[in-house]
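**Student:** My structure is below; once you've seen it, I'll send some questions.
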Amino acid sequence: MKLPIYLDYAATTPVDPRVAEKMMQHMTMDGVFGNPASRSHRYGWQAEEAVDVARNQVADLINADHREIVFTSGATESSNLAIKGIAHFYHKKGKHIITSKTEHKATLDTCRQLEREGYEVTYLVPDANGIIPMERLEAAMRDDTILVSIMHVNNEIGVIHDINAIGELCRSKGIFFHMDAAQSAGKIPIDVQTTKVDLISISGHKMYGPKGIGALYVRRKPRIRLESQMHGGGHERGMRSGTLATHQIVGLGEAAAVAKQDMAADSARITHLRDKLWNGIKHIEETYINGDMEQRYSGIFNVSFNFVEGESLMMALKDLAVSSGSACTSASLEPSYVLRALGLNDEMAHSSIRFSIGRFTTDEEIDHAIKTITESIDKLREMSPLWEMFKDGIDLEQVQWAHH
């Protein structure tokens, strides 16, 4: 067993060996290394063919048409292109956008930029379970609302939004629906034929593909128009210029094909391991799962251990690669904005750890994790005066702390 044990699959995944092998065939002189836009010789034709195969593989994963897939550098770029692209193209129709406070920074920061450009954004607050109620979403809709951007699976707490209901509501109001599927694509089924979603952000490195590659699904019927954010060459039907990274795209395509093939088996294994982990630590006093218990993806599991500092816990769990929030924000000592939006106080938000389980996690690793977590919590609480006061029956909410 390799230490530290990797339990941070929501931050990134290792490239599946089947994907890496396929990518290696598209990098060197002996492989298919040409520029897919080179139409005058075989090197270009072969590269274009490899890109076409990958485009079909990504489309198959979500039951889309291959012409609806636009390759990007990742889900962050996809979300930027989707949100800004819609806002800029349809600005005469309206300048109001709806999103939620628990979205990824790729969505939130893009919306903040649009606010600086004169757009209005409504940031919905979820219920304590992390889910946006449909009536709250509908109440926020206005005549000038052009876009709703809600993530499928939350990257910190793993809750799943009802995208079918959101899609139906948006379509009935003539509002475009963008979905950030960075954490869900390749892990839970997505079918664009039955779900009325117009734009989907997809990430390669969250589904055992390479970093630096992603895709944006752009619906053709009814047709969605975007204003390009990257100019120079008119690649990807004018939506995203730049030489196509053949080996990366092939990697994304193969990752999508493997994910589709292994999805049911992966899901069953990951659910088993998540249940095993929770059953092994739920006896620890003052331990709480964050987010809805039912409507969730089993691979992301966020737990608060009351009366323990998250940072000290992470130091104690040095044998486990885990995070105290999303990788994009765990470098900050601020409590998770996602957990704060759920109504958790600073102490509970600070004492939370995100465990994310993936394709290569083993039973042995989970056993070791349970032992490490249990021992670390006991040790840290032994040193905690707050824990001692709590055990003595003192209501810490009522304590008046002296300021120095």
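Cβ atoms here come from the backbone N, Cα and C positions, even for glycine.
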**Student:** Per Swiss-Prot, which of Gln25, Gln46, Gln113, Gln183 sits in the pyridoxal 5'-phosphate site along with Ala75, Thr76, Asn155, Ser203, Gly204, His205, Thr243?
**Tutor:** Gln183
**Student:** Using Cβ atoms only, which residues of the same chain lie under 8 Å from Thr243 (pyridoxal 5'-phosphate binding site) while being at least 6 residues apart in sequence?
**Tutor:** Asn35, Pro36, Ala37, Gly233, His235
**Student:** I want to check the contact list for Thr76 (pyridoxal 5'-phosphate binding site): same chain, sequence separation of six or more, C-beta distance under 8 angstroms. What comes out?
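**Tutor:** Result: Ala106, Gly214.
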